Each structure stands twice: as structure tokens, then as C-alpha cells.
Amino acid sequence: STDIVEKEIYLLESTADDEDPQFALRPEGTAGVARSYIENGMNSWPQPVRLYYFGPMFRRERPQRGRYREHRQVGLEIIGDASAESDYLAIMAGYEILKKVGLADLTVALNSIGCSECRPKYLKRLKAYYADHLDKVCEDCRRRFDTNPLRLLDCKNDQCIKIKAKAPQILDKLCIECRDHFQETLEYLDDFGIKFNLDPTLVRGLDYYTRTVFEISASTDKERKVALCGGGRYDDLISILGGQKTPAVGWGMGADRVVEELKNTGIKPAKSRSVEVVILELGATAKKVCKRIFNAFEKEDINVFYIPSKDSLRGQLKMAAKLNADYAIIVGQKEALSDSVIVRDLRSSTQEDLPVKKAVEMIKAKYDKEAFDDGTSC
């Protein structure tokens, strides 16, 4: 019932004597990743499993600015964790990637479309509202009324936009579990300084989404309303494809759209740099200050990496080593309360306790000196 499936998939007929005479060019990457998760037994791996992909996608839609029949997509999936923290991590990753390439004034649009428990009650109300307006909506909306009523909220037709503006909102009908999950996601974003707007008409274009859905746009997209990155939670998809019921969240980012946006704004992405500093957190108290510490390093143009983690310090240090980082900034409860950090030099395995400001200044000074020495030795 998804428009992408009904109207936009390229179907190919095989001319060979094949068991599967019909093929489709992939329109998106999440379903393929979910199938790979099942077929490769990734449910036996330590959870959650974090995956990314990059490749061409194909959709038979009307070509227009920001929409291409063949486009390249970057995707990220976090599979095996039902917590709002993973929703936040997915959103933060997309947000930080777009920031790193130079795009500013990013905004996250958010909604929750509920679950199999609360969504049917909302759809009943939505259909009752639209039943009185069917003579005023477009042909696509009349079809969606019967096949996929939630997608009524996604229509871009001018007349339909006026009608959906007064439609009942799903946020008012969420069950307690979905409401708490969404509220926790918003609190994470707020705590870490990510700007967001609630959009009760945001539903995304694929039917497998549950609970949180989101889109990330740059400020220059306001008139065109073309999202650079979009996704959400899909807790039922893996079981629908034959696997065990497994929670998951992820997104797709249109690489072509991002490049076009950079060209339109005259931004030249910075050259790729290796990770210099990794922030490691130990406990909930530390989590609340780590984003501020991250911002302090980023402000000094230090390439810093931070992903909230429940792993032990040993596990997080292993991750830092894999990233070939120079320094690990360790933040525990004691450090969080005293506005200090443990600075561990991963090259010499030495460490010292410093106030946050001093730690940033020290590492900045060392990189400035190394850059100067490299320049004078040329």
C-alpha cells in the first residue's frame, strides 16, 4: 500500500528461464539491511548491531529538483535496541554528518506515529474526519483513504494541505508506552542541544515505520521542503521479513541532495580528517555533560568523536583505539560533578586529571605545535 511500492518501483522481467522471473531495482536500503540481519544471524551478535551502507537507489518518480530516478543514498541502522537513546543516536549521527560537511542551521522535524496498539484508534478518527472532505481532496488522497489512510497526512497538494492542517493529531492518541518513548527522545535532543520542531503531519513514505519518525533539513530548504536525511523506528520490519521481533531505528541520507545543497550555498566541504579526540562516558551523570564537552573541543576545530555508550571503560577504550584517536577524554560521575575530565594520551598511555577548559587548551596547544612543526619542516 506504500506509494513507493505501488507507483515508483522499477520492475524487470527476466528473459531467462529463471525461478524468479520478476526483479525490482531497490528503492531504498533498510529492507535489504533487515533481510541481511536475519540471513546472517546477526541476532546472535552483541546487541545493538550498528550498520551503515552506501549505494544507488532507483525510484520511478517525476524528476524534479532534489529528486532523481537514480540517486545515491547513505544509510545507518541501529538494530536490537528499543530504547529512546537509539532514536537519539540515529538522529544525532545524521545531524553531525551534515554539520561536518559544512551545512548550518539544521533543523530536525519529528513526529511519532505510534504502534500497532494505538495507531488503529487514531486511524479511525482520521478517516472519520476525511470522510467529510473526500470531495475536496486529490485523487491520490481518495485512493489513500481506503488503502493507507496515514499517508493522507503526507500529501503536498495545496488544497489537501489546507484540509490536513485541521486533521486530528496522532500525538493526542498515543498509548502510554509510545508517549513516554517519544518524550524521552525529545529530552535527549533537548539535553544535547539539537534543535527540533514537532510536525504532526510527518509520516514518512514507507509503511514499516513505528513510533519516532524524523527528517533533517538545512535552513535553505524551508521553501522547497526537501529533507536531506530522513528515517525513523521500525520495530516490526524484521519480524515481517521472517526474523524474530527485533526493535530497530535508522535513516537514509540523499548524497545527491547534500551535494546539491553544498553547491547552492557555495560551501566546500573540509578535507577528511582522522579522529583526534574521543569522549568516553561512564554513567548517566556523565552523559549530561558530555555534549557540552564535545562542543568545547569542536569549537577549537579539534576533530572529536562522541557516541553515548553503555559499554565498560575497557570496551570504549578499544573503540577509541580502533578509531586511531590520539586522546580519550574520560568522564565519570566524579568528573561530571567537578567539571573536570581524565585526559588519556592513547599514544603514550599516560593520563592526567584536568578541568575541562584546561584539557581543551592543552590538546589544542599540542595540535597547534605539531602543525607549526610540520609547516617549518617542509
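Placement of Cβ uses the backbone N, Cα and C atoms for every residue, glycine included.
Same-site candidate for L-histidine binding, as annotated by TrEMBL with Glu28, Gly29, Thr30, Gln73, Glu77, Arg204, Tyr208, Tyr209, chosen from Arg59, Arg60: Arg59. For Tyr209 (L-histidine binding site), applying a Cβ distance below 8 Å and a minimum sequence separation of six or more within one chain yields Ile113, Val203, Gly232, Arg233, Tyr234. The number of other CB atoms found within 10 A of the CB of Gln73 (L-histidine binding site), across every protein chain shown, is 22. Cβ environment of Thr30 (L-histidine binding site): Gly75, Glu77, Leu206, Tyr208, Gly231, Tyr234, Leu237, Gly250, Gly252 lie under 8 Å away, each six or more residues apart in the same chain.
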